Each structure stands twice: as C-alpha cells, then as structure tokens.
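S.K.: One structure follows; several queries about it will come next.
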Amino acid sequence: MQEMNRNLTGPFILTLDGGGIRGYVSLLILDRLMKEIAECERRHDLACDAQLGPAFTAQHPLPCHYFDAIYGTSTGGMIAVMLGRLEMPVERCLDVYRQHGGKIFGRRRLRGYIPLLSKYSSDGLERAVRRVIQENCSDHVSCNGEDAFARSSKSACSTVCVTAIDVAPSQPWLLRTTTGEMKRRKSWLASYNTASCDLSVLDVVRATTAAPVAFKPFTRATEDGRVVRFKDGAVLANNPAYVALTDCVQQKGRYPELLLSVGTGRRSEGLGCFAESPKGKWASSWRENVAALKDAIHQYTDCEHTHRIMLDKAAGGNGWYRRFNLSGIGDIPLDAWKDGKVLEQMKEAAKRDAPDVSEIVEKLVFRRRERARNAGIPMAVETG
C-alpha cells in the first residue's frame, strides 16, 4: 500500500440512506467494500490490532473496525444498528434481508389496501428485529431487544439513527449510542442525544423505520408521562449525509477525514412534475396532476439533492466526501418483495454497476493500521 503522507486524525463516518427493501443494495455495496478491505489487509500482513470490539480477523473485517460513526435513516438506520450497535458482519446483514424481508413486506394487512392506512403490521417488523437482536447481540446471553440502545462501555464506533418526533416536527432527531459535547450548535438539528438514553435497541429500530403509510408511528412515554410519537427519519433526511456532517462539526469543530455515503439506488431520469405527451383536455389535466403528485412523493424521499449539497460542501477539499450508489434500482418500490426475486434483481444490478472502492479501501485500511499502531496493543491476526 502506498503510504499516506499525513496522519488521518479526523473521524471516519459512514452514512446509509433510507429506501425500504432497497437497503439490500447498500449492503451489497458494503459487502464489496469489506471484501476489498480483507484483501488489502491480507496483502499487508497486519500483525497488531487496537481493541475495537469484536476480535479482528483479516478474512472477516467488520465495518465497526473502520468507521468512528455510522449514521442511518429508516432501513439505513436498521442497518446502522446491525453494523454498529450489534457489530454484525455485512454478510449476516444480507442474510437478515433474505430471511426476514418477506415477513415484513410480503404480507400486507387487509386494511393496508385502503389508501393512507398503514400497509403493514408493525408486529411483524418487531418480531423480526427482536429475533435478529437475540441472535446477534453480544452484550449478554439473554439479549431480547430490551437492552438500552446507549452503551455504557466506550465503543470505537458509535451508531446514530435519524428519526422525527412530534416535539420537533421540522428537525431531524438523532438517537445515538454515545454522548459527547457540542462545540457548535445548528438550530435546525434537534437536541443532542435527547431520548436515546431511555430507548431500547428495539425501540430505536422501530423509531427510525416508522415510515408513513408503511407502518404506524412508534410511541413511547417519557419519564414525565408525556407520550412522544416517532416517525421514519426519511420525512426529514432520507439521505443522512448532511445531518452527519453537521453533527460532526458540532462535536469536533471540524470536517470529517472521510464521509462515505451509501445509497439505495438512483431513479431513472424522467420529466419530473410533467406528464409525457398528454393528449386530450381532460386526460391532459389528470395526467399532469398525477405526475405532479408522483414528483412530490419522489422529492420527499429524494437523496440526490442532499448529495449535490454535499458535493458543494466538499468542493476544494481533500477528497473527504464520497458517495456510492447504483443506477435504476431507485425505481423499485420501497416495499417490493415478489418472493425475494427483487433481491436477485438488485444483486445483478450491483454486479453491472459496481463502484470503484479502491481509493476508499486504501484510506480505511491505513487509518485502522495507524490506530492500531498508536494503541500499541499487539494482537494475533486470525487468517484461517
């Protein structure tokens, strides 16, 4: 590996977009990234490691070994919990989507066919999440989802889930595993770390995935008896990259060393709020209105606008911002399932449109090696 000519002292941040079942796309991108990292680590025969949670192996590196914080919205928030709070490997997260996707999105409630009513039962989501926590939580042998989301022990990688609450309806509300001091404060970002200390791991997943129309809002009573309603953070920040950047500057007083944003697929280009070649007076009016409504829904979940803002923020920088996304997949409905065939469609798209992760790999591996060196804690590396 070509040695970096400076210390990488700033935070390394991973952000994950919302997108329902298309979160599988984000995991496919991360799977490619982690496999490239494993190859890079093996090439350089790493012989020491910092205490970064689970024992590191050159064959099976974990995202929590390489990023200081993982931010996620909606399905991205659920992935952030799995990768950060539960410290799961990407391969296992892919298994979760394959095993539980049908249980969550494959069975619409009868009343879910009525417009504006919740399509799916939140009970199915809760059962699936509880099962995942029971099988993967390493806090203790009896984990059932009720353990506190916030961590009392210091972890190298913090998890931050973006949600929205009725107390601050126009502001993203951040639920995190760690606390810290803010050096600066943006008025549009809601109270730092409020609420997450009292929420369980299961609560946080429900709070960040309570997508309007798909699931009913998640409610939780506070100590003073007030009931707080949570909704999917996608209503405010479906792409949490700018939220993560703002949060980083507030805490650290500086930009991150790396902010890697991973999407759930770009939509095909269209005419926006205009219909294609409308004919006839009444048909024209109806089609134009439908096009405007669809465009409004698209804008609500659009992630590329935030990407353009981030590109502007990163202009003239040292390459600290990167985004990986796939074309076309954004046209897949958030709740598509079709007996799992949609997952194969995403897998094929990931093969065709695989992003070049080489530059990111070098940077991430160098940073982990540097951190291990500075920690001075020798640890055998498992290569079998």
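Quick reminder: no glycine exception, Cβ is built from N, Cα and C everywhere.
Marked as active site, nucleophile by TrEMBL: S74. The feature active site, proton acceptor is assigned by TrEMBL to D232. According to TrEMBL, the feature domain 'PNPLA' maps to 14-245. Taken from TrEMBL, the feature motif 'GXGXXG' covers 18-23. The feature motif 'GXSXG' is assigned by TrEMBL to 72-76.
Each of the listed features needs to be described in terms of its position in the shown structure.
M.R.: Secondary structure from DSSP puts S74 (active site, nucleophile) in coil.
Within its own chain, D232 (active site, proton acceptor) has G18, T73, S74, T163, A164, T208, T209, A210, A211, P212, A214, F215 as residues 6 or more apart in sequence whose C-beta sits under 8 angstroms from its own. Mapped onto three states, the DSSP output places D232 (active site, proton acceptor) in strand.
Counted with DSSP, the motif 'GXGXXG' (18-23) comes out as 4 helix, 0 strand, 2 coil.
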